[in-house]
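Per TrEMBL, domain 'Rab3GAP catalytic subunit conserved' is recorded for 1-140. The domain 'Rab3GAP catalytic subunit C-terminal' annotation in TrEMBL covers 157-349.
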Amino acid sequence: MLLVDSDEPLYIPITQEPVPKTEDQLEDDAEVMLKLGPGSELCTQMMSASLLSDMESFKAANPAGKLEDFIRWYSPRDWIEEDADERDPFGRKGHLSSRMLIPGNTWQTVWENARAVPARRQKRLFDDAKEAEKVLHFFESRSIGQIAQLTTAALFHTAIKTLSTEAAIDGKAIPAFTESMEKITSTCCKLSRENWITKAPTPRGNSLRKYEALLADITQLETVIIQVRSLRKKLFNDDDDDGDADEGQRAVLTKLLRAFESELTDGAKSSMAKRVLEMFTEAKKAANEQTGEQAVTLSLPDPAEKQFTLRLCGKTVNKGAGSPQFMRAILTHNEFRLCGAFSQNTTFY
């Protein structure tokens, strides 16, 4: 690219980096601009600080450049090109857009006030020392509790990340684990964007209650993960790496978490049943204060309740002409209950 009114090349200048701003700083700037009004001089300076720096860098790199040259590089949409011909193959024929031609607009005003100063000699747009002083002043004006609350969002994000990492294997056995994680993550992201500190400054109780509810959800999910780990360690062999066996283990764990019971494929002869017997034996041994030297047979503890059920289906009575009968006896240490359901076929009898 060449300059509009000369054959000198258009040099792209070295400019300062944009000023990094946090969300609360952007909100403060927007609030100040609303109070000052769009036409105030201070508001114009706040909005055009970066633009002024870039214009000064451009003038230093292109002494013969004009506003049209700057617009061609900085905002190509505001440069309306005309049809290029053989005498002007560099696209210099054109004019500024309508918004750039408005008398007294910000771009023209800033261009007239800009000097030819390279970026290394300009006043820094981002003064790290000044910003650090603002941060220290912010901390000095807050209590320890309020400063601790500012770390809540980061701590919760770390907790969710840790929860997801720890559940990489055991999460597949947890019912609706993916949906629960998505819900917790979405809630945490929304809460992390809420402003904890008001003008007073006082922590917002609403956000605190939401974080407490989120903490309860995380704690519940963490408890389920620990339960899965405990069941896996107690019921299964660590050396079993078979894929089919892993699917079976996952199915058993899922049933235990949902209904608190599960049927075993091999019944009492399975390795899992033996492990359950060993667990009950150890619990019984501890309850009786027995030492490990004494021989203890593998057995289940005494049942808290016994049930005996008698069923008679209709086909057994008379090839479908009869009716079903049911009786159950329940025995506990303190009571005996007997219940039944008897029916009669009124069609044949």
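Note that Cβ sites are derived from N, Cα and C of the backbone, with glycine treated the same way.
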Taken over the domain 'Rab3GAP catalytic subunit C-terminal' (157-349), the predicted model's pLDDT averages 77
Sort the residues of the domain 'Rab3GAP catalytic subunit conserved' (1-140) into helix, strand and coil with DSSP and give the three counts. 73 helix, 10 strand, 57 coil
